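Per Swiss-Prot, the features are as follows:
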BINDING   Thr10, Gly11, Gly12, Asn124, Ser195, Ile250, Gln295  UDP-N-acetyl-alpha-D-glucosamine binding site
Amino acid sequence: MKVAISGGGTGGHVYPALALIRELKKIHPEAEFLYIGTEKGLEAGIVKREGIPFEAIEITGFKRSLSLENIKTVMRFLSGAKKSKQILRDFKPDVVIGTGGYVCGPVVYAAAKLKIPTLIHEQNSVAGLTNKFLSRYTDKVAICFEEVSDSFASEKIVFTGNPRASEVVGVDSEGALETYGLVSGKPTVLVFGGSRGARGVNEAVEAILPEWNNRDFQLLYVTGDVHYEKIKDSLAELNLGNHISVQPFIYDMPKILNAVTLVVSRAGATTLAELTALGVPSILIPSPYVTANHQENNARALEKNNAAIVITEAELKNTDLMATVDSILNDEAKLNGMKLSAKQMGRPDAAAKLVEAVLSIMK
């Protein structure tokens, strides 16, 4: 069995692809994989570190507005599709899967033209431009949010969820909090703004740290590498208690997510898949800097189901974040209700469901 996968630009497209590969390997340990991405995207480093064969093509994304740059992008797309055809002819995959990002455009398009079975995976509640385009050519479209179903032909849709969800379920959290100087068994809030951190989230948290010093519940505050030194210096005079741990980055996030009580974070699709799979309540602060405002749409889906409270970045300055945290952690009925609602939205079997969809289209 040979599988070619393409997706990139951000971790939100790459990590689901890797989760799918791992799940396929469980069922077909003899399977061969080829990952097609760009050398400039996040995927180049991540995929190579995983030891998965990697081929690169050159492609850039389309602008949503009319632009001369889009003419160049069309030329790059055609060139990328031509190279993709050659790569696919050489590898001879049984199926080609796209997990989003502009790089999978020419790859999945080329596969469809070569009559190779194809599937695309849309992680967000708003369809990406590339997936919208590719859906005309693919055999199946796997989705994670019901809200996005109107963007694709109904006969092609299969609701699988995000395969990253499966990778956090059942992870042993023993000693996870102790690694960061905290104590197991105490109510703990995790705050993070994505892999690089988020200035808006950091500013809101810094403003309430003096108040947090007087709370009983613990805080694991992840600033992001690029913000850490500056924030560390600014907090030096606060004399924070041992129940507050400030870190630049978390490398064992699945373990930590299994150990915390509440999460304050951005609303990327992968993060939400993990939170709902575990039934972790959240306060979501969607990034306003993403295509089609898809993070807010993702977050509103959880809010609608009482699994999260949403605060937009524009609302942060006029919102008492500490009071919002208090309102959840000091109300056991509310906390448990949000846990249950999040859990009901979760798809812990997402990886298996996606594999099932992939196998269903293979000749």
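Counting begins at 1 with the first residue displayed.
Glycine is treated like the rest: Cβ placed from N, Cα and C.
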Around the Cβ of Gln295 (UDP-N-acetyl-alpha-D-glucosamine binding site), the count of other Cβ atoms that are within 10 Å: 30
Binding-site residues compared (Gly12, Asn124, Ile250) - the one with the fewest other Cβ atoms within 10 Å: Ile250
Other CB atoms, at most 10 A from the CB of Gly11 (UDP-N-acetyl-alpha-D-glucosamine binding site): 18
Distant-in-sequence Cβ neighbours of Thr10 (UDP-N-acetyl-alpha-D-glucosamine binding site), under 8 Å, six or more positions away: Leu42, Gly101
Gln295 (UDP-N-acetyl-alpha-D-glucosamine binding site) in three-state DSSP notation: helix
